[in-house]
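Reading through the structure tokens given below for one structure.
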Amino acid sequence: MTQNYVYIETFGCQMNVNDSERILTMLADIGYVPTQEPARARLILLNTCSVRAGAEEKVYRRLENLVVLKRHNSRLIIGVGGCVAQQEGEALLERIPKLDLVFGTHNLHLLNDMVLAAERGERKSETSFIDNDQRLDLFPPIRGTARISSFVTVMQGCENYCSYCIVPYVRGPEVSRRSGDILREVRQLADQGVREVALLGQNVNSYGLKSSAEPSFAELIRLVAAVDGIRRIRFFTSHPKDMSPELIACFGDLPALCSQLHLPAQSGSDNVLARMGRGYTREEYLEKVRALRAVRPDIVFTGDMIVGFPGETEEEFQETLSLMEEVRYIDLFSFAYSPRPGTRAAELADDLSRGEKQSRLERLQALQKRTTMEINDVLLGTRQTVLVEREGKRPGQISGKADNGRTVNFSGDRSLIGTFVDLRIIQVFQNSLLGELLPG
């Protein structure tokens, strides 16, 4: 079999990162090995995100740069997958004549055949939905991982249809993977040296809700925690309305379940939440936060916020700031609203100026920056157990993550990668911590 090189760029969420890892596993079966150099590749793939307009345009600009490589390599194949591919379909081939293949979010299992067809000079687009659990059986597990932590997809799709969000339209309805397949993959990862798994889904805590044959998400976490070798569990992304009492109890009962939770609020205003179609009120969200802190006092929250949603008043924006002050997120992904064609919110009057949206975003981010540093300051001098994951950016340093998700850099030998070490935090920064090894 001839060996070719494949270069993948991944945009967007952890689900896309996991999909890209699986794509590399699949392509190995037809002789492709990964490279970090686009100019070296026979095959270049972009795994794309369309959640926000900025991400979508970034993909188009990147494609325009990459097709230039075809001037020097007539054999080069360029493909686009992910949510932009699902949304645009064959229109991508029409917009970019030098593009060779387009594959949607349900069609990864067809990619090898599409690549082989492209090698023969055929241009292909496949974005048809598979509307049942067959789509989760068609995608192979990752093989040969050398990572210490790994993503594990447990469900796909979303049926919340928040008014601003394109995801249900490009990812399709919710489908839960069989728990036996999930546990088999987790055991394989543990046997390969993985010590931390992150369970993934567009709305991960709705796992099993549509199937009486599968455990609930809380029960699934308990099953994963029982796998020998797995010492840490995280999950992304959860919806506040599906944060059940049973799932909250897991944070008090399972030491392996990390003390970091991504719990997107999107707004602190009941009026805005209703227009967004989020399915909960401000107080219901805060009740979940208080319940989680009651069972896990050291828990920290990350989240998402949208400012400038249609109709948002200054008073409603202030309610978002006050929610942030009460929750005290350790990190926050924040964005100015941009309408997505095909969503319900796109039909609302986008009545805030770009300048006002930007002003609110800057005020929100300034508050978050202060809060992050205040939380980090409290960690100064504390003892933290860190899973060492990689070499650091500075010579002689290695890097890992604490239970709370903070990146910690420290001086140490690379032989520590893959182990848990105890560190004392000696310096804090906005996005990372500096530690020193404790004897033990």
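One is the number of the first residue shown, and numbering goes on along the chain from there.
Every residue, even glycine, has its Cβ placed from backbone N, Cα and C.
The number of other CB atoms found within 10 A of the CB of Cys83 ([4Fe-4S] cluster 1 binding site), across every protein chain shown, is 27. As annotated by Swiss-Prot, [4Fe-4S] cluster 1 binding site applies to Cys13, Cys49, Cys83, with the evidence given as sequence analysis.
Among the features that Swiss-Prot reports, [4Fe-4S] cluster 2 binding site is placed at Cys158, Cys162, Cys165, with the record citing sequence analysis. The Cβ of Cys162 ([4Fe-4S] cluster 2 binding site) has 21 other Cβ atoms within 10 Å, all protein chains considered.
Residues annotated as domain 'MTTase N-terminal' in Swiss-Prot, with sequence analysis given as evidence: 4-120. Counting residues per DSSP class in helix, strand and coil order gives 61 helix, 25 strand, 31 coil for the domain 'MTTase N-terminal' (4-120).
Here Swiss-Prot flags 144-374 as domain 'Radical SAM core'.
Swiss-Prot lists 377-439 with the feature domain 'TRAM', giving sequence analysis as the kind of evidence. The average pLDDT computed for the domain 'TRAM' (377-439) is 96.
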Fewest other C-beta atoms within 10 angstroms, as judged across Cys13, Cys158, Cys165, which are the binding-site residues: Cys13
Long-range Cβ environment of Cys49 ([4Fe-4S] cluster 1 binding site), under 8 Å and at least 6 residues apart: Phe11, Gly12, Cys13, Asn16, Ala55, Glu56, Val59, Gly82, Cys83, Val84
Cβ-centroid neighbours of [4Fe-4S] cluster 2 site Cys158, Cys162, Cys165, 8 Å, sequence order: Asn160, Tyr161, Tyr164, Ile166, Val167, Pro168, Gln202, Asn203
DSSP-derived structure type at Cys165 ([4Fe-4S] cluster 2 binding site), helix or strand or else coil: coil
